[in-house]
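**Q** Below you'll find the structure I mean.
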Amino acid sequence: MSSSNLAGNTNTTTTSSAASAAAAHSAANASTITSEYSTTQTTTGTFNTDTLSSIGSTSTLHGSQPSQPPPPPPPQVSSPIAAAAAASAALVAQLNPADRWPTEPSAYKLDESIGVGATATVFTAYCLPRNEKVAIKCINLEKCQTSVDELSHEIQAMSQCNHPNVVSYYTSFIAQEELWVVMRLLNCGSMLDILKRKVKAIGKEQAQFGVLDEVSIATVLREVLKGLEYFHLNGQIHRDIKAGNILLADDGTIQIADFGVSGWLASSGGDLSRQKVRHTFVGTPCWMAPEVMEQVQGYDFKADIWSLGILAIELATGTAPYHKYPPMKVLMLTLQNDPPTLETNAERKDQYKAYGKSFKTLIRDCLQKDPAKRPTASELLKYSFFKKGKDKKYLVHTLIENLASVPVVAHHSSKKVASGKLRKDAHGNWEFEYDSPQESDDDSDLEDEEREKKKKKASASASGAGAAGAAGGATGGAASGAPSAQEGGGATTPCPETLNMVLRVRNQQRELNDIKFDYTKSADTVEGIAHELVTAELIDCHDLVIVAANLQKLIDFAESKSDRRSITFALNSGVHANEIPDERTLTGFAQISLLD
């Protein structure tokens, strides 16, 4: 918000030792996910359960009695933290001592953050006993809101993931309220890093005609498809295929960043129902398949094939289609327009003429709006385009050695995007009316500085409100316990250009918070304000759209001189376990009001 005074906070749980600094760092950088170790929604689904041994299971010889008494049943665990601890301990116990990685937080020294999401942060780290660098994903289990059974099953399934094109899982353990997942760290970064360095090496003028050549693209995509084939044959969906999640090792190995748990926790037993896949709306949906956006009938592994098609465009042009637009506009463009092509990013005719028919055919087939018409990973590997692919040595030469002198480009927490407004169409549906997209990232450093200033503003305290004070919102009038006007508000009339508002919503600790902010018509957008609330962790990421829509409703009421001063609405994030939605107490609901 350009001129808003955002106030409010959420209670945070302090972690010990290195995790404390890590958690603080992640909270300050939770706006978007652009790093190579993306932490929003990665792999979902499970392996075929026939190949997995469940925790605490018993075994007998066929046709005979067991040779030894069966082990006692596993202890009953009643929280995600206890479940994660039990599952992780069971996995470690199955390993030979020589293969075991340390499972104490003190054995690792966390370094820089390389990926930030709504419920987790990925760090580079140093394993002291093994004298080895690793990647550690720190997942806040309280925010995951997953069941005990899901957590136990998915940690075990993740440990069984073993493929040369998937990042290796080492171990996992509990550190305070967090689950730490230790994985291999690939030291050459992601394909997003490579794209940025390539653009810097050849210059923006040359890069506008294509960033990577077809041979490099074919080699990279072939390895990605091998990893996806492995996922899909084992009943998994990755859901976050993009350049930032495709990693490169110094020997030319391509691996998919599979940080498992935050994505695995989003579904259970292959259940791809609407309720289980809501989490896909975290982050910019440039790579998201239409059926995932619609959230009507669920989706299957063909969603990854769509993302692969977007990845192909990204590797060629340097960016995904619609990357300059706000998330809501990306949703609209993807759903309403024809599928993107290589020319979607073009600004002139024949801009990408260097790319041939076989490459464009691959993109076209991947980006079929009907999932049934998209080929499988196994079928794609037979496409003629991949005959152009080379071996790992080629990638070492073209993507590592040739770019060795180019400095690594720092990741910004988010790109500058176009502004716009939510408007209601003739049928009463909400649509995003955008201004013009940004043409350059040259101001990104200034943007980051401005963002830091806004984050400091957002650290102002929120006032805790009693449950009884939430009554009255259902009628649409001012609630009897509605937040009081700011001091001095009765003496002066605020500028008509600016509206003072307050959002009353429960935090993760289920306490009612009043989050005060202002809306300036000439400077703010409702989508931008909602995004800032998510960034400051004042509202759940799943509530971004619904908060923006109701904020626009209230603004419309104010502009029409309506007497209505408050709106109560249901939240997409729902309620916690053992809670019942209650509009009166704002359990599963929120209330937005105008201040006098």
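Think of each number as a place in line: the chain as shown, counted from 1.
For all residues, glycine too, the Cβ spot is worked out from N, Cα and C.
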**Q** Look up Ser419, Ser459, Ser522 in Swiss-Prot and give me whichever carries the note phosphoserine.
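**A** Swiss-Prot records phosphoserine at Ser419.
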**Q** So which of Ser172, Ser262, Ser405 shows up as phosphoserine in Swiss-Prot?
**A** Ser405
**Q** Would you mind telling me which one of Thr13, Thr46 Swiss-Prot calls phosphothreonine?
**A** Thr13
**Q** Can you check which of Thr32, Thr319, Thr361, Thr525 Swiss-Prot annotates as phosphothreonine?
**A** Thr32
**Q** Would you mind telling me which one of Thr34, Thr51, Thr146, Thr280 Swiss-Prot calls phosphothreonine?
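**A** Swiss-Prot annotates phosphothreonine at Thr280; the rest carry no such entry.
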**Q** Report which of Ser190, Ser307 appears in Swiss-Prot with the annotation phosphoserine.
**A** Ser190
**Q** Go through Ile114, Ala120, Val122, the listed binding-site residues, and name the one with the sparsest Cβ surroundings, counting other Cβ atoms within 10 Å.
**A** Ile114
